[in-house]
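*Asks:* Reproduced below are the annotations present in TrEMBL:
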{"type": "ACT_SITE", "residues": "D104", "note": "active site"}
{"type": "ACT_SITE", "residues": "E171", "note": "active site, proton acceptor"}
{"type": "BINDING", "residues": "H102, D136, E199", "note": "Zn(2+) 1 binding site"}
{"type": "BINDING", "residues": "D136, E172, H455", "note": "Zn(2+) 2 binding site"}
{"type": "SIGNAL", "residues": "1-21", "note": "signal peptide"}
Amino acid sequence: MSTHHLLQALSLLFSLPLLSATPHHQQDQETTTPITRFQQYLRINTAHPNPDYSSAISFLQSQSQLLNLTAHLLHFSPSKPLLLLTWPGSNPSLPSILLNSHLDSVPAEPSKWLHPPFSALRDPSSGHIYARGAQDDKCIGLQYLEAIRVLQSQFNYKPTRTIHISYVPDEEIGGFDGMMAFVRSKEFEVLNLGFVLDEGQASMGDEYRVFYADRSPWHVVVRATGTPGHGSRMFDGGAVENLMRSVEVMSRFRENQLDLVKAGLAGYSDVVSVNPVYLKAGIPTPDGFVMNMQPSQAEAGFDIRFSPTTDSDLLKKKIADEWAPASRNMSFEVCLQKGCTSAKSGPDIAFQPSSSYVAYERIIYEWLINLAEEYLVIFITEKGPLRDYLGRPLMTATDDSNPWWPIFKQAVEAAGGKLSKPEILASTTDARFTRQMGIPTLGFSPMKNTPILLHDHNEVFLKDSVYLEGIKVYVSVIKSLSSFEGAVSL
Ligand SMILES: [Zn+2]
């Protein structure tokens, strides 16, 4: 035994009585590392449709106790807890900071994975960690806490502004019972937030990506009725034919948008994306469809997304004028989630996010069928707000007009990181709800040299070293944001 090992053994011996007197979780902290704690969090299966929120919350609570953070458990829906942790600042009159992440993840198909999706297996040769939720977004959820751990233990740092860390449910299924309910609550109002960091996306290159806006999604259902008839007869106004004519126009619009991207004139996030997601028509039999019958109903579903710079009223007009034009001698309605716009022909019901979407759809369907004529409805469900409470587009400024921007940018650079040009996120996150409240919100997940694998099979946090580097970035960012005392007017 070398002297070094002897000393180690002796110190272990002397520290034993002390160790046994410390609480169990404190022992855990001494034997675990940032990577093993990340693996522990990843092994909790919070994938839909049955996310294990309670195990995730108790794990996070035990971690937060070690950092002396106060914890509040909030419920805006019975089985969907939201954990809010707080590190109080020395000047509570200053607006506070919120670091947000979501608890849930999308489902995984284990058979398509190299390693089981909840094993959080770390390949020792590459440092890759395989797990659903590794990129989206359990990484940032724990990196926030690891950074606070470093600030406390290595820097003896005390924040000036209060820092809140939220773990919200429901993000992957719309956020309505999670962040949307939270931002509308009293508990949120009293936080007096000045700035929010939420999830971003991995970067393939050497720079970190940052997002100042999300695209807004519309779920669009095009539903047609028409004259039914025998499969042998040719006539105008069949339901499938009606549907296909609208779908053709929508496909042409889609092609034009994609051409702009291919020609380098716009980025994927700048154009309106229109993607068909389902088709439904025909009269089913036990082993297929009736082949000699033209059905009286047909429908297609589309996922449509557009940036905050897109004029949504113009887009609605385009839908009304071009996708279901009166010139085709066809009646149509554009229904938003609040209900059909025309009282004359639309069903007399308003859809609220809290009511049953399925029940509302059925009413629309029955109403359509009862019309018993050639008809087409474009039914749009807005999946969240389009403007903030003052009517402004949901965007966070990334120039000097936003006093938080230079603080954030310099903090990333001080940690040796570099930011690429701020972007609009192609998908949608909970950030839209805090932006709706007028609170500057940036999407940021410090992953560089990492392929974007969120929602993919074999979602992998490319390297453990990338995760550890991200903690360093957050140490710098959290320190700078929470010690910033400048006047901030929104
Ligand atoms: Zn996410």
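The backbone N, Cα and C atoms fix where each Cβ goes, glycine too.
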*Asks:* At the Cα level, what's the spacing in Å between the residue listed as 'active site' and E172 (Zn(2+) 2 binding site), rounded?
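*Replies:* Approximately 7 Å lies between the Cα of the residue listed as 'active site' and that of E172 (Zn(2+) 2 binding site).
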*Asks:* If H, G and I count as helix, E and B as strand, and all else as coil, what does DSSP give for D104 (active site)?
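*Replies:* SS state of D104 (active site) = coil.
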*Asks:* Helix, strand or coil by DSSP: which one applies to E199 (Zn(2+) 1 binding site)?
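*Replies:* Note: E199 (Zn(2+) 1 binding site) is coil by DSSP, not helix or strand.
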*Asks:* Quick check: of the binding-site residues listed here (H102, D136, E199), which one has the Cα closest to that of E171 (active site, proton acceptor)?
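*Replies:* Going through H102, D136, E199 one by one, the Cα closest to that of E171 (active site, proton acceptor) is H102.
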*Asks:* Cα-Cα, whole number of Å: E172 (Zn(2+) 2 binding site) versus D136 (Zn(2+) 1 binding site)?
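*Replies:* On Cα coordinates alone, these residues lie 10 Å apart.
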*Asks:* Quick test of your reading of the structure: among the recorded positions D104, D136, E172, E199, whose CB sits under 6 A from ligand 1?
*Replies:* D136, E199
*Asks:* In sequence order, which same-chain residues at least six apart have a C-beta under 8 angstroms from H102 (Zn(2+) 1 binding site)?
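*Replies:* H102 (Zn(2+) 1 binding site) has long-range Cβ partners D137, G141, Y167, V168, P169, D170, E171, E172, G175, G178, M179, E199, D430.
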*Asks:* Helix, strand or coil at D136 (Zn(2+) 1 binding site), per DSSP?
*Replies:* helix
